[in-house]
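Structure first, commentary second.
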Amino acid sequence: MTKSHVIFSASIALFLLLSISHFPGALSQSNKDCQSKSNYSCIDKNKALDLKLLSIFSILITSLIGVCLPFFARSIPAFQPEKSHFLIVKSFASGIILSTGFMHVLPDSFEMLSSPCLNDNPWHKFPFAGFVAMMSAVFTLMVDSITTSVFTKSGRKDLRADVASVETPDQEIGHVQVHGHVHSHTLPHNLHGENDKELGSYLQLLRYRILAIVLELGIVVQSIVIGLSVGDTNNTCTIKGLVAALCFHQMFEGMGLGGCILQAEYGWVKKAVMAFFFAVTTPFGVVLGMALSKTYKENSPESLITVGLLNASSAGLLIYMALVDLLAADFMGQKMQRSIKLQLKSYAAVLLGAGGMSVMAKWA
């Protein structure tokens, strides 16, 4: 399922870049530079190529370190899901993901879709970036909600079957209400606690697995777009700062994703597949940008619209996941609610992560 999502998102990005050649009202006739590459003073094609090759390996390595660190550091309290330190580290990573959506991806989308290279009608008449980001967040909520509902019904059926095998068929199972947490009511006799706890654990694990898959999907789309921008440009001044910022970004975003994958309790094969696709998507985007450098022009209307819309959809997904499924779920959880001190530490971690990534917006 994860592999197909990644291939699907990569295929969409490539398909749009290659096939979308004419949008209604895309080209502003007054701007003659829209079909050409940007003209900067520090353009050096040969040096840029060396920096791009270096960026592929450096981003790949830092991404692998970030996403795999939670898997192999279980002896460290900060990477043990049952420990309070894990919530603090996860809050830091969630702040990075939140800032990525608000400070990096969404502003780029607004800038691209309001470019003078696009005609006033319709691109300057309507805030497409905000609209697409909003619809992306709503769509993510819909997928999140419907998927959880489907699997919750399946879990209830399994629970009824377990109870029926022990109790009489006419005995009812207590109502289970799911909204971030599981609230138990009445179950017959000695099965009350055991079965309700089992269903609660099942639903919580389900939430973690949905979270891990949807979060990875959003990160993959965003990473391909970022990689495209690195692979396409020959501006050495831009690449240097961008690569350094991306290494920092990928490592800590990988830690956030790795923590979610760890909580999902996948087998080692699926963990390896998800970590691999996270690590290779940005380098893949760089290679794709290099391959399309002759046809992909960052200021062309086709590229501005395609990348702008992809950025907007990715931003909506990342913002939703960071606020709803990561931060809200943890801060409203029992462990956080029982400790004001832990909440304050976690808020500080969120601000530190979001603040650090906001500063990185100067270069990336």
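Here the Cβ of each residue, glycine as well, is placed from N, Cα and C on the backbone.
For reference, Swiss-Prot has these:
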type	residues	note
SIGNAL	1-28	signal peptide
TOPO_DOM	29-52	topological domain 'Extracellular'
TRANSMEM	53-73	transmembrane segment
TOPO_DOM	74-85	topological domain 'Cytoplasmic'
TRANSMEM	86-106	transmembrane segment
TOPO_DOM	107-125	topological domain 'Extracellular'
TRANSMEM	126-146	transmembrane segment
TOPO_DOM	147-209	topological domain 'Cytoplasmic'
TRANSMEM	210-230	transmembrane segment
TOPO_DOM	231-241	topological domain 'Extracellular'
TRANSMEM	242-262	transmembrane segment
TOPO_DOM	263-271	topological domain 'Cytoplasmic'
TRANSMEM	272-292	transmembrane segment
TOPO_DOM	293-303	topological domain 'Extracellular'
TRANSMEM	304-324	transmembrane segment
TOPO_DOM	325-343	topological domain 'Cytoplasmic'
TRANSMEM	344-364	transmembrane segment
Please report, as numbers and ranges, the same-chain residues at least 6 past the borders of the topological domain 'Cytoplasmic' (263-271) whose CB is under 8 Å from any CB of it. 2, 71, 81, 205, 208-209, 211-212
Using DSSP, break the topological domain 'Extracellular' (231-241) down into helix, strand and coil residues and give each count. 8 helix, 1 strand, 2 coil
Please report, as numbers and ranges, the same-chain residues at least 6 past the borders of the transmembrane segment (242-262) whose CB is under 8 Å from any CB of it. 51, 54-55, 58-59, 62-71, 79, 81, 86, 89-90, 92-94, 96-97, 100, 104, 208, 211-212, 215-216, 219, 223, 226, 229-230, 271, 274-275, 278-279, 282, 326, 353, 356-357, 360, 363-364
Helix, strand, coil residue numbers for the topological domain 'Cytoplasmic' (263-271) per DSSP? 5 helix, 0 strand, 4 coil
The recorded stretch from 126-146, 304-324, 344-364 sharing the largest number of CB pairs under 8 A with the transmembrane segment (86-106) is 344-364
Quickly jot the same-chain residues contacting the transmembrane segment (126-146) by Cβ under 8 Å, restricted to those at least six beyond its ends, or write none. 106, 109-110, 112-114, 210, 214, 218, 308-309, 311-317, 319-321, 324-325
So, by DSSP, how many helix, strand and coil residues make up the topological domain 'Cytoplasmic' (325-343)? 15 helix, 0 strand, 4 coil
What average pLDDT does the predicted model assign to the topological domain 'Cytoplasmic' (74-85)? 73
